[in-house]
Amino acid sequence: MIFLLLFSVLPTSIRPIPFLHADPVFFGLKDPVHPPLTSPPRCGVFDEALSLYCVTPLVRFAIPGSNALLPPLSRSAELCTEYARFNECTNGVDEGCRKLVAPNVQQMYATICEEKYATLLKEEKDCLQELEEDKALVECFAEKNGNDKEKETAEKYSLFSSNSPTECSLFQSFAECLMERPGNTCREAVKLSLSLVSSLGTRDSSSPCQFVLPSAKPEPSTPAPMEVCDEKNMNCSCRESGWVYDKNEKRCKDVDECVDDSAGCSQFCTNIPGSFLCSCNSPWYSLGADNRTCLRDDTDPLWLFFAHGQSIWNISADGRSFQLQRAALHKTAMIDVDVKERRIYYADIGANSVERMNIDGTFSQSVQKYEVEGMEGIAVDWVGRNLYSVRRKDILVQALDGRFRRKLYQGVLQQPRAIALHPARGLLFVSDWSSSAFIAAATMDGTFFKKIITERITWPNALVIDIHADRIYWADAFLDTIEVANLDGSGRRTVVSDSGSVPHVFGMALADDYLYWTDWTYRGLLRAHKLSGENMTVLAQTALLPYSIKVFHPVLQPNVPNECPSKTCSQLCLISPPLNHTSTGTLLDRVLPPFAAVSSQCACGDGFRLHADGKTCESECPDGHFVCGGVDAKCITRLYVCDGVNHCSNGADEANCPPRICLPGQFQCHDNKRCVGAHALCDGRADCEDDSDETFCPSYQDKKPGRQRDHEPATTTKSSTTKLPTIPSLLPLKFLRY
C-alpha cells in the first residue's frame, strides 16, 4: 500500500496530510469524542516546542516508510507503548495546546490504543502482518489512483464534501482494494483496517468523505475450489461458512446475511463475500465488542410516556419506576414528545383539544381548540418544529404552538389510525385500517404520497420508525403480528407472530434494540428485541386500557442540519428529503449519508397563499370563513364564530357576539333557539331550525352519518376458531376502538 498522509504541523520531511472522514454507515467502530469547534487556545513557546519535540518520534514510528497507507497495526503493542511515552513526555503541557499539535496523529493513536480495539488487533496480529506485506494491495492501490481515476473521483465527491477530492479518492481506493482482495482469509483483519479509516475520518462530521462499497462483489479466487463434492459429484457443499451450494449452477454462491437480518446487525449491514459487516449511525452509536450490537454513546436513562385515557404516566425502561404526569383529562389516546423543549403533546378527544405541557407535568397550554374530534394520531417534527396529525381523511401540519394549520394531504385516507415521522429523511408514514388497509409513505412538505404496504395487512394499529436504521415497524391488531420493512416497503418480515404475545397492540415505540408497546388484552406495557422478538417482558400492567406510548431521550431526536432557522418563513417551514430527486421512485430507497441536511420550503396555513417572494403569506379566505388578525393569522369557519371559545388569539371571533345561552364548546344556532354539541356539526343533518349548523360546512362530508367511532369495522371478523378475550360488560377487545 502507498502512504500519502503527511501532517502539516511538522517539518516537511515528516509532514503528513490530515486523515479524512470515512462514512460510518459502512465502517464503524467506536468513534472518539471530539471537542466542539471553538477558537483555538493560545500556546506558549515552551508548550508548543515541547509538544512538537514529543510528537516527532510518535509520527516517525507510525510511518516507517513510503509503502503503507496505515501504520503497522500488527505492531499495535509497540504503537501503544510509544503513545504512552508521548503522554508522559507532554505531562504538564496545557491540554488545549497539546491537542493543536498533530491532532490527527493523536487521534489515530487514541483509536488504536482503545482497550477493545487494541485487544482485537492483538488477536489478528498475523493476518494484519499479511495485509501489510501483500504486494497485490500495493498494485491495486497504484492502479486505482492512476490515469483519470483521481479526477473522476474528485468530481464525484465534490458534491458531498468540502474535503480535498484527491484525499477522498485515496481513501475510497484503499477501501475498494481491501474489499476486492482475492480469497476469503483474514476478513476480521480487513474489518479492523476499514474501521480505523472510519474512526479517523469522523473528527468533523460537517464535511465527511462519502465512501461507497463496490456494488459488484467478485467471487473469491482461491487456489482450492470452494466446492467440495463426493466421488460421484452427487453431494456437494461449500468449504467455508457464508456460502451455499447452488445445484443448478453447480457452484458455491455468497449468502447475503443482510437480506433477512440473520446477521443480527443492530442498524446497518453490508454484505461482503462469505461474510458481512455491521456498522452504526455515528456519532450517536458505536459498534460493540460482538461486532453486531450498536451501543448508545449517551448513557442517560430512557423514559417512557404513555396515555391512559384520563391521565398520562411515565415509566422507566425497566418498569421499576412509575409516576403520574397529568390527571383529570377526558379521553387522551395520542401523545408525542419534544426533546428540545422538553415537552409532551397530547390530544384530548373528549375535550376537543390538543395541548402541551412540560415534561414534568407543569404549565399545560392549549395548542388546538377545535376540529380535534376524529383525530387519530399526532407526531412532533423536531427538525422543522411543526406538529403533524391525521384526522378523518386528511394529514395536517401546524406550528408547534398551534398556529397556521394546513391540510397537507386531503382525502388520501379513509380510516386513519397512526402517524410516524422520520424528519432526518424528510418523510412521514401513516396507516389506514379501512377495508383496503395500507401503510403509506409521504414527504413532509406535501409533494409525494405512496402506499408501500397493501397486502397481508388488516388493522395496522401501531407505527414506529427506527430512525437510526431506516426501518419501519408496525403491529397488526387483527393478524396478531409485529412486522418490519425498509422505508420503501421492501425487505418485509415478521418479528412477532403469536396471538398469545401480541393479542391487541395499540401503541408502539422503539429505542436502541428494543420495541415497546401497549396491549389492550394484557392491559399493560411490554418489550421485546426489535430483530428477533425475543426476551419479551411485561414491564407494567395498568388499571385501564393503555394507549399511545413514546420514548424520551435525545438520541431519538438528534440534531439534523436544516435551512428552516435561516429561511425566515412568515408561517410554516416544511422539510423534505435531503437530495433533489429526479424520480419519486428513488425517494424511499436511495442510500443517503445518515442525517444529511434536509431540504425545506416555506408554506402557508389554510386560507393563505404563498407570495412570490417564497416567504410571505397572503390571505385568501373563502366565503363562509372568518379571518383572524394579529400574530395568529388564520381562517376559521364561521361555525366557530361566537361559540364561546377564542379561536383567534386576539379574540376577534368572540367580539360583538349576542348573549351566550350555550356552554363553551357548544354551537349556538344563529337564531339563538338551540344549542348543538360539536359532534353534531357538519353531520349532514340539520339540528338547528335555521340550518346554521350545516350552512358553513365544507362541500365534502368530513363525517359520515352513523359512523361508529368506538368500534372496529363490522365487515371484518376473525375466524370462528379464534378465541377472543372478553371482559364482563364490555365488547370483545378486538372490536374496541377508544
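Each Cβ is built from the backbone N, Cα and C atoms, and glycine gets one as well.
Note: TrEMBL annotation is automatic and uncurated.
As written in TrEMBL, here are the features:
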- 701-713: compositional bias 'Basic and acidic residues' (COMPBIAS)
- 715-725: compositional bias 'Low complexity' (COMPBIAS)
- C642-C657: disulfide bond (DISULFID)
- C682-C697: disulfide bond (DISULFID)
- 254-295: domain 'EGF-like calcium-binding' (DOMAIN)
- 257-295: domain 'EGF-like' (DOMAIN)
- 563-618: domain 'EGF-like' (DOMAIN)
- 699-725: region 'Disordered' (REGION)
- 342-384: repeat 'LDL-receptor class B' (REPEAT)
- 470-512: repeat 'LDL-receptor class B' (REPEAT)
- 1-16: signal peptide (SIGNAL)
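Taking the features listed in TrEMBL, we show where each one sits on the structure.
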| residue | record | CB count, 10 Å |
| --- | --- | --- |
| C642 | disulfide bond | 19 |
| C657 | disulfide bond | 12 |
| C682 | disulfide bond | 20 |
| C697 | disulfide bond | 17 |
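Residues 305, 307, 312, 324-326, 329-336, 390-392, 397-398, 400-402, 405, 416-421, 423-424, 428, 430, 444, 548, 552, 557, 560, 562, 564, 573-575, 598, 600, 636, 640, 645-647, 665, 678-679, 702-703, 709, 738 of the same chain lie 6 or more positions beyond the ends of the repeat 'LDL-receptor class B' (342-384) yet place their CB under 8 Å from a CB of it. According to DSSP, the repeat 'LDL-receptor class B' (470-512) comprises 0 helix, 24 strand, 19 coil. The DSSP breakdown of the domain 'EGF-like' (257-295) into helical (H, G, I), extended (E, B) and coil residues amounts to 0 helix, 15 strand, 24 coil. In the repeat 'LDL-receptor class B' (342-384), the DSSP tally of helix, strand and coil residues is 0 helix, 23 strand, 20 coil. Across the structure, C657 (disulfide bond) and C682 (disulfide bond) place their CA atoms 22 angstrom apart. The separation of C642 (disulfide bond) from C697 (disulfide bond), Cα to Cα, is 16 Å. A separation of roughly 17 Å, to the nearest angstrom, links the Cα atoms of C682 (disulfide bond) and C642 (disulfide bond).
Summed and averaged per residue, pLDDT over the repeat 'LDL-receptor class B' (342-384) gives 94.
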